[in-house]
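K.L.:
Quick one: structure below, then a few questions.
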Amino acid sequence: MHPPKTPSGALHRKRKMAAWPFSRLWKVSDPILFQMTLIAALLPAVLGNCGPPPTLSFAAPMDITLTETRFKTGTTLKYTCLPGYVRSHSTQTLTCNSDGEWVYNTFCIYKRCRHPGELRNGQVEIKTDLSFGSQIEFSCSEGFFLIGSTTSRCEVQDRGVGWSHPLPQCEIVKCKPPPDIRNGRHSGEENFYAYGFSVTYSCDPRFSLLGHASISCTVENETIGVWRPSPPTCEKITCRKPDVSHGEMVSGFGPIYNYKDTIVFKCQKGFVLRGSSVIHCDADSKWNPSPPACEPNSCINLPDIPHASWETYPRPTKEDVYVVGTVLRYRCHPGYKPTTDEPTTVICQKNLRWTPYQGCEALCCPEPKLNNGEITQHRKSRPANHCVYFYGDEISFSCHETSRFSAICQGDGTWSPRTPSCGDICNFPPKIAHGHYKQSSSYSFFKEEIIYECDKGYILVGQAKLSCSYSHWSAPAPQCKALCRKPELVNGRLSVDKDQYVEPENVTIQCDSGYGVVGPQSITCSGNRTWYPEVPKCEWETPEGCEQVLTGKRLMQCLPNPEDVKMALEVYKLSLEIEQLELQRDSARQSTLDKEL
């Protein structure tokens with residue numbers, strides 16, 4: 001089929017291909033006619049005409065019979081606010097503009113409901129605002145329940161807006177009377193109890209209250225009144241008197257202990273408390289916490305050293321307590337000597353035990369060997385040792401069958417006079433430590449005298465002059481004892497105060513008030529002219545219950561002992577009670593006198 005001819009024009013084939021498919025869609029047989037129809041339909045929009053006005057949520061046309069579907073440019077339609085809205089602009093119109101659109105300013109806004117007011121014992125929660133369509137919620141304070149609606153909405157009412165539900169009420173929650181308990185009672189006497197009300201329970205005599213003495217009316221599930229906590233019980237509870245070895249009761253004396261009775265403990269000297277010093281009788285008839293233990297923190301029970309005695313003054317006993325580091329010196333009894341050359345001391349160690357000691361062994365006198373003589377009599381002390389001759393033994397002997405002599409075994413293992421012999425010649429005199437003697441012969445002594453002298457720094461103890469008689473020296477050799485200077489001590493004093501001390505003198509350190517001994521409290525002048533152990537120091541001690549106010553200053557701030565404060569308060573309370581009784585007595589006397597008059 002050939003395309004039609006167009007008068008006075010030319011046919012563009014490309015445009016035909018574009019128009020022809022639409023003509024088929026709309027069932028138009030002539031493409032030219034289809035194009036003309038399409039232009040006619042689009043022409044009003046191009047020229048600015050508007051379609052139907054939009055539907056507004058806040059307003060409606062004043063002419064409710066409006067039926068037109070096309071409006072010319074410049075057309076103005078008047079509107080009125082819908083219920084729940086109020087006019088906010090003087091112009092309430094929509095206008096069709098040249099673009100074919102309806103234009104307008106928002107001219108109606110939500111109306112607002114009045115504030116519902118305060119809810120007594122409750123709260124009003126405004127979610128957004130009080131405008132038309134908004135919702136508020138009501139709730140009651142704890143212990144109150146709500147009567148009425150929990151919500152209310154701002155809605156249209158008559159010609160305005162109002163709340164859909166009135167303000168509710170909050171009523172207080174009530175509890176039934178509290179439960180009764182055996183062997184006890186409560187303080188309440190009402191039929192009902194308001195939320196928050198409390199009652200107190202008490203037990204009959206000889207019964208103890210277990211649990212909380214007071215319970216209160218509370219709320220459950222926002223409306224139900226319940227008592228909390230659970231009511232107590234009244235039981236008979238007693239605890240046995242606790243036994244704390246090496247401990248002492250500070251308070252809480254009594255043969256019987258009931259529920260919640262309290263005992264306060266302290267430990268004896270030399271022991272430290274492990275556990276709680278305060279315990280109370282618990283509901284299970286047991287002490288809570290468990291009674292404490294007193295563990296030793298010092299050395300006790302002095303070691304028993306056979307054939308020895310202690311040098312410390314005053315002499316220690318088995319009941320004494322010694323801190324770690326304490327040094328005690330022992331001395332062998334006459335007739336005994338130290339087993340070794342080590343110091344005869346014991347020291348309290350950190351493990352609270354005394355250092356091992358060697359002890360003392362028997363010191364025997366030698367058997368006399370007499371030339372031209374014989375032992376005529378022997379008196380023995382018979383101790384339990386291996387010695388043939390021991391301290392205190394006495395022998396009598398004769399020389400040349402004419403002269404008779406006697407000798408006694410001394411504590412140092414020598415005979416007095418010196419080892420018995422028959423003859424006029426004396427042996428060399430004994431040498432002494434830290435000293436010497438003057439002699440007239442280098443071989444033997446016959447009716448001679450010697451004089452002992454001590455080295456510098458030592459003093460002679462015993463007879464300085466000895467003479468030889470019948471082969472014996474007139475006396476045992478003296479000793480040179482060391483001299484120790486007075487210990488230098490700051491903030492303390494010595495039990496014996498002098499310029500020099502003779503071995504083995506012992507002194508005790510006593511610190512001034514507020515100072516404590518750091519080191520051994522007892523020291524001894526030793527053979528090398530020094531003090532053993534070293535001289536301790538007296539250092540400042542912070543009193544118990546006090547604290548240092550200024551660093552580097554001995555300015556302390558102390559709090560009173562709680563037990564002293566408690567005792568003072570009890571005494572003050574007793575004085576007030578006595579004063580009250582005296583006033584009552586005087587008042588009774590005055591009343592009696594008035595009646596007699």
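Cβ atoms here come from the backbone N, Cα and C positions, even for glycine.
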K.L.:
Can you sort out which of Cys140, Cys203, Cys217 is the disulfide partner Swiss-Prot gives for Cys170?
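P.N.:
When Swiss-Prot is consulted, Cys170 turns out to be bridged to Cys140.
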K.L.:
Quick one: Swiss-Prot says Cys480 makes a disulfide with which of Cys454, Cys468, Cys484?
P.N.:
Cys454
K.L.:
Return the single candidate from Cys239, Cys332, Cys348 listed in Swiss-Prot as disulfide-linked to Cys299.
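P.N.:
Of the candidates Cys239, Cys332, Cys348, the one Swiss-Prot pairs with Cys299 is Cys348.
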K.L.:
Swiss-Prot pairs Cys409 with one of Cys365, Cys387, Cys426 in a disulfide bond, so which one is it?
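P.N.:
Its disulfide partner, as Swiss-Prot records it, is Cys365.
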K.L.:
Within 10 angstroms of the C-beta of Cys96 (disulfide bond), what count of other C-beta atoms is obtained when all protein chains are considered?
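P.N.:
Summing over all protein chains shown, Cys96 (disulfide bond) has 22 other Cβ atoms within 10 Å.
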K.L.:
If I take the Cα of Cys511 (disulfide bond) as reference, which of the disulfide-bonded residues Cys96, Cys113, Cys299, Cys365, Cys409 has the closest Cα?
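P.N.:
If we rank Cys96, Cys113, Cys299, Cys365, Cys409 by Cα distance to Cys511 (disulfide bond), first place goes to Cys299.
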K.L.:
List, in sequence order, the same-chain residues at least six positions removed whose CB sits under 8 Å from that of Cys113 (disulfide bond)?
P.N.:
Leu130, Ser131, Phe132, Ser134, Cys154, Val161, Gly162, Trp163
